[in-house]
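So that you can see what the record holds, here are the features copied from TrEMBL:
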type: TRANSMEM; residues: 40-65; note: transmembrane segment
type: DOMAIN; residues: 41-248; note: domain 'ABC transmembrane type-1'
type: TRANSMEM; residues: 77-95; note: transmembrane segment
type: TRANSMEM; residues: 129-149; note: transmembrane segment
type: TRANSMEM; residues: 170-194; note: transmembrane segment
type: TRANSMEM; residues: 230-252; note: transmembrane segment
């Protein structure tokens, strides 16, 4: 029902700053032909894709250690510690990150005695990606850990018996066996980053704007909810397409086996 209302609103119009039920394609035409929308779309997609890649690469060593190198009691404790960030408000975590990377923050304070810095990552794409990683990394580590724990130990032992080293075992046995879970983890990272509003606002400076920032700007500028709805619907369709593609990649090869 809410999704249907959102789609219907894309065809409404705004007259004298008031929503008016209508049946017009003007909002779609305006948004799809707007250069600022295309720039925001490409920028948002690129940041979300980069976040999914970085989160997957950074999380894998931690997930591998949790799954194969630690005792069960230690693993349970560290998994609990990964869950702890979800007990706190995400905006609070982003605000803490903002303080951490501020010109007078901990990093620059530590670099100053060494004659280094100051470094500036706020109000930049780097700051936005850091915020996205704060949001996604704990979840990606958890999902990857559970995926790796489901890899049959017999396959790993067989690879070792055949003379495979650790790296070759990871690349030829563990990663293919845990492919579905790894792809799902990366997909979650992309979805969360693609729709996030807080990180690009507080860490990225909202310039250039992401699609979530663009939605807020459309509402603030003339109370234009229909145009904001168009952007939201396009975001939803994009996420559906991305998730379908990623699931096809995850399950396709398995489904092709006789």
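Cβ from N, Cα, C; glycine included.
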Most Cβ pairs under 8 Å with the transmembrane segment (40-65), selected from 77-95, 129-149, 170-194, 230-252: 129-149
Other parts of the chain folded back onto the transmembrane segment (170-194), taken as Cβ under 8 Å at six or more residues beyond its ends: 44-45, 47-49, 51-53, 55-56, 59-60, 64, 132, 135-136, 139-140, 143-144, 146-148, 150-152, 155-156, 159, 164, 211, 235, 238-239, 242-243, 246-247, 249-251, 253-254
